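Visitor: Structure provided below as structure tokens; questions to follow.
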Amino acid sequence: METLCTERTLEPGAFTDILEERRRTSDLSHALRTFSPQPYRGHSLSSAKALNQAVLDSQYMRYITQEIATENGEPVELIREEASRILEEMSHNLQLSFIRLVCYTLTKVFKRVFRRILVNEDGLNRLQQALQEHPVILMPNHRSYVDFLIISYILFTYDLSIPVIAAGIPLMGMKLIGEILRRCGAFFIRRAIGADKLYWAVLSEYVRTIVKTGYAPVEFYVEGLRSRTLKSLNPKLGMMHMVLEPFFKGEVYDISLVPISISYDRVLEESLLAHELLGVPKPKETTMGLLRARTVLQEDYGSMHVCFGAPVSVRELAKGRTDRLQYNLVPRDLPQKPSEDTQTFVSLVAHGVVCLQEKGAILSPWSLMALILLQSPEGLSLDTLTQRTVWLRGLALTFGAHLDWPAQVSEKEVMSSSMSLHRSVVRCEGGQVLLLGEQQPGGDASASPEGDVLKRAAVVLMCASYRNQALHVFVRPSLVAVAMAITPSRRKEDVFTHFKFLQELFSLEFVFVPGMAGQDFEDGCSLLVRCGALQSTDGELMVTEQWAQTGYFLRAVLQPFMQTYQVVIRHLTENSGKEFTERQYIPAVRSYTMKLILAGELDTYEALSSDTQKNVLYALLRMEAVTKAKTGDQREFKVNKAAIQRIGDILAGRISPQSAAYSRL
């Protein structure tokens with residue numbers, strides 16, 4: 001939406017290292033210091049117990065429990081007891097003493113694993129003002145388990161209100177840790193709620209009560225899950241609607257949304273995430289697992305940047321976009337299905353927040369180096385890597401990226417420092433820079449050719465995750481560059497038709513605000529004009545001398561995704577007569593991809609990523625080239641061979657998309 005995505009955003013301002021003071025002073029004194037935040041002026045509840053009671057006593061819960069009791073033919077008291085049990089399982093029990101304990105512990109851990117934790121104090125000053133005026137929703141991106149308490153740690157350090165945090169139910173099951181998290185403000189949500197009407201009612205009323213009473217800021221991850229690829233994920237809308245509902249119903253005058261961008265030089269779970277993408281089951285979240293993972297304390301993870309964006313007024317966003325009069329037709333305390341306009345507005349806001357998170361991201365030199373290295377799988381000289389990375393730094397800055405490039409340090413020192421930090425992925429020998437084959441305990445010998453491929457793929461995916469942190473900077477001009485490469489014409493109208501097709505196909509790989517394809521295309525063209533690679537005159541796109549280098553790089557950015565989609569399309573075409581479940585689909589595509597790599601027909605190890613493979617399937621489902629139907633307890637997919645082949649032909653540039661068929665964005 002225009003207010004969120006096209007308006008010039010405030011610069012993050014100067015960053016301050018909050019660990020610098022911690023290294024000079026007593027950790028215990030910091031944890032035990034006076035903590036006196038200024039609460040929201042409308043704050044009306046004093047304790048977690050009072051909050052829970054307000055939820056159970058609400059007119060909304062009385063109505064829902066009576067309705068469910070009538071539907072099920074059960075006593076209403078029984079339904080209310082079940083609602084109370086759900087709330088007891090779910091609710092937080094925020095206690096300052098546990099915040100102090102965790103603050104002390106985290107300070108010890110952070111000083112050991114991070115060189116710096118950098119925070120933009122201008123953003124915190126804006127947040128401090130917002131916290132006193134309206135209910136605040138804190139919306140960080142989610143890349144690591146460290147994300148979970150870093151916001152609370154920073155707010156405690158700056159004497160700001162501690163948030164309550166939406167967390168997945170598996171964290172609650174961790175002995176001791178689950179209870180500590182609950183007492184640090186976590187409230188736990190089941191992963192699979194389905195059609196459980198009572199659970200939905202308790203959860204929505206709990207969140208709504210926190211927001212409308214100003215009990216505490218609410219923190220949640222709009223992406224829903226931790227991103228295993230370090231790319232932004234398309235937002236989930238359930239929690240977004242819950243936090244906005246008090247505004248729709250007129251229970252609060254306004255709500256402030258605060259996008260927060262958390263950027264890492266190196267992520268603690270980098271190897272774990274890569275192996276998950278290759279099919280290794282995710283370890284169960286347990287206290288023993290956490291203790292076994294303490295070896296991370298011996299590693300260096302560089303710096304973390306936490307950028308607090310400018311608060312966004314929901315009231316301002318809603319002007320002319322959604323009609324709240326519909327909520328006046330039904331008493332506020334009764335359930336009401338949101339209108340189509342309201343659902344569209346919630347979706348636009350959620351997508352817009354993700355875009356703001358991307359704009360606030362701070363890129364490290366390694367993210368730029370990873371972009372170059374993955375385009376040179378055979379390796380390249382240190383001099384060439386340095387030269388290309390410095391060129392890419394200029395392009396990224398021209399495109400509006402924020403970089404953490406060390407000042408008063410030579411370019412080669414920056415390269416060497418970055419490679420040292422990521423020595424598990426890259427090495428430099430004899431002036432040549434190469435990605436590693438992953439080292440295994442007990443030696444380098446592989447049990448099979450497939451083992452060699454998986455080891456190499458794990459390293460490629462780890463490197464790709466850091467490249468992915470920078471993709472939002474380049475994706476729109478890259479789509480323009482690819483569209484120009486597969487379009488015979490240079491007319492903007494024809495290039496735009498291909499751009500729309502590519503954007504729809506890759507709509508699960510990258511976050512685009514629905515309905516803004518035209519603006520995205522203009523933004524991509526504008527950036528190419530700004531860097532001197534394109535000229536736009538009389539409806540024509542004309543390339544300049546700079547296009548050769550810039551266009552080649554931008555097309556190569558999307559090449560791994562292009563090749564992965566082509567591989568999956570080829571697999572589905574060859575097996576179009578078979579119906580399959582998602583559980584059958586992933587192993588089949590992985591096996592097919594492995595055979596192509598071993599036969600030398602494919603050199604894109606990223607094609608083994610299960611997340612990308614799933615994205616292809618669901619993108620084709622959205623484009624109606626695949627259908628899904630429920631058979632018994634399972635959902636099965638069926639391929640439309642002609643539609644799949646057509647998409648593959650358009651992607652390869654053999655035919656042109658029909659604007660009528662591919663213009664739904």
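For all residues, glycine too, the Cβ spot is worked out from N, Cα and C.
Automatic prediction, not curation, is the source of TrEMBL annotations.
Annotations for this protein, taken from TrEMBL, read as follows:
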DOMAIN    136-265  domain 'Phospholipid/glycerol acyltransferase'
TRANSMEM  148-173  transmembrane segment
Visitor: For the transmembrane segment (148-173), find every same-chain residue at least 6 residues outside the stretch whose CB is under 8 Å from a CB in it, and list them.
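Guide: For the transmembrane segment (148-173), the far contacts come to 18, 30, 35-40, 89, 92, 94, 96, 99, 102-103, 106, 110, 117, 119, 124, 127-128, 131, 138, 140, 181-182, 184-191, 210, 215-221, 239, 260, 262, 284-286, 304, 306.
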Visitor: Within the domain 'Phospholipid/glycerol acyltransferase' (136-265), what mean pLDDT does the predicted structure show?
Guide: 93
Visitor: How does the domain 'Phospholipid/glycerol acyltransferase' (136-265) divide up by DSSP, counting helix, then strand, then coil residues?
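Guide: Within the domain 'Phospholipid/glycerol acyltransferase' (136-265) the tally stands at 50 helix, 25 strand, 55 coil.
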